[in-house]
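To start, the structure itself, in structure tokens.
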Amino acid sequence: MESLKVLWMSTGLANFELGQVIMMLVGSSLLYLAIARNFEPLLLVPMGFGAILTNIPVAGFSEVGGLLHYIYYVGIDTGIFPLLIFMGVGAMTDFGALIANPKTLLLGAAAQFGIFATLFGAIALNFVGLDFSMKDASAIAIIGGADGPTAIFLASKLAPDLLGAIAVAAYSYMALVPIIQPPIMRALTTEQERKIEMAQLRHVTKVEKVIFPLGVLLMTIFFLPAATPLVGMFCLGNLMRECGVVDRLSSTAQNELINIVTIFLGLGVGSKLSAEQFLNTKTLGILALGAVAFSIGTATGVLMAKLMNKLSKEKVNPLIGAAGVSAVPMAARVANKVGLEANPHNFLLMHAMGPNVAGVLGSAVAAGILLALVG
Amino acid sequence: MENHQALFLEAGTLMLAGMIFVFAFLGLLIVFINVVLVKLAKKYPDTIVKSRPTSKKNNNKTDGSINPAVVAAISAAVSQYRQQQSTQK
């Protein structure tokens, strides 16, 4: 009888707590969104599964000695996984559209207002009973950068306790870009502005593409060394892509390596989705602020593009400003789609890729600023 | 409450400093592209690999005309085929 009792006490059924069950349902919801709705499946599948694993009673996945504990400790606590992902993203990024039309960098800069305005919003939530420190607020604000690896990197440095909620918010809203952005883009532009056709981009030579990442790195070294982990890895990946002599390394960085790291990054983030860390009012605040951050970033990008259209000799379709929030290449595709609705002959995709990759650089720079000033 | 207000002030300063820095950094990058990269592009343009001229013996002409030799060979083959058909009957 005693052994039967011991056996029962070692089952999951006897040890389940309500919080664990709820978090398993949250993990299952992430799996549903990824598999049935195709929302950022590459990350949400391992993240959702990680959330289920970490909430299994008795198994101790996220305790010392557990698999997820070590994955988190080795890859995310140290910042290595997001940086490796950033290298892969660099290897996948073509800066041609940006170099051909460099003023689109200003659109990428304007869209970062979403980050800094959200920082303000997070602190404002302290007046309604939440308790966010400046580090917490900075980590939450980076969701507005619409850049998963940057958000995870900064959150792991500034607010590891909020990492799970921040990663879930960042990737959820990135998947929701086609739903969040179009109403804002339509509200801030006229039909005539959405119809604007832009001049064809000039040809960008190989030497420009090779020197560009080195120039970006040099400027980061001079002016913002705190951002060099992110920008440096990004530039390394991009240089491998463009130099043309290490195709094997470039291919590995943008395929096998980024895939392997994505599995572990997802599991590591999932390990932070435990009941005690996720089921609180702060998570609700983070989810709300994430939506605000995306919306403000989109709006300021579009408004900046409108201003550029007024001041510039060449016509600028304001829709491409929305791509400044990064979320590559989803935001550029959304700009293209909304443009096509107004003018079926107007293909904005290449023009939107300029502010889109500028947004990646902009959010990495913003993360460096927050690290330097708050970290 | 005073602590909240101090945080609010700090967030405002951070927002201002952050946006100025982001614009300054990416603005400098515009200058870098316009000054350095564009000059480099003019000095080292992409080398265009010229396609090798097709040999005179090549019958696959791209201008739409058909080589007279090919026309003669096909005509000969067709007439030979017809002759064979008529002798079989």
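Just so you know, glycine gets a Cβ as well, placed from its N, Cα and C.
As recorded in TrEMBL, the features of this protein are as follows:
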| type | residues | note |
| --- | --- | --- |
| TRANSMEM | A:12-35 | transmembrane segment |
| TRANSMEM | A:42-64 | transmembrane segment |
| TRANSMEM | A:70-92 | transmembrane segment |
| TRANSMEM | A:104-125 | transmembrane segment |
| TRANSMEM | A:162-180 | transmembrane segment |
| TRANSMEM | A:210-236 | transmembrane segment |
| TRANSMEM | A:257-274 | transmembrane segment |
| TRANSMEM | A:286-304 | transmembrane segment |
| TRANSMEM | A:355-374 | transmembrane segment |
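Counted as Cβ pairs under 8 Å, contacts with the transmembrane segment (A:257-274) are highest for A:70-92 among A:70-92, A:104-125, A:286-304. The stretches the transmembrane segment (A:162-180) and the transmembrane segment (A:355-374) are not in mutual contact, being linked by fewer than three Cβ pairs under 8 Å (pairs 6 or more apart in sequence). Under 8 Å from some Cβ of the transmembrane segment (A:42-64) lie the Cβ atoms of residues 10, 12, 15-17, 19-21, 23-24, 26-31, 33-35, 72, 148, 167-168, 171, 175, 259, 262-275, all in the same chain and six or more residues away from its ends. For the transmembrane segment (A:104-125), the residues of the chain that approach it from at least six positions outside its boundaries are 97-98, 132, 134, 136-138, 140-145, 285, 289-290, 292-298, 300-301, 303-305, 308, 320-326, 351, 354-363, 365-366, 370, judged by C-beta separation under 8 angstroms.
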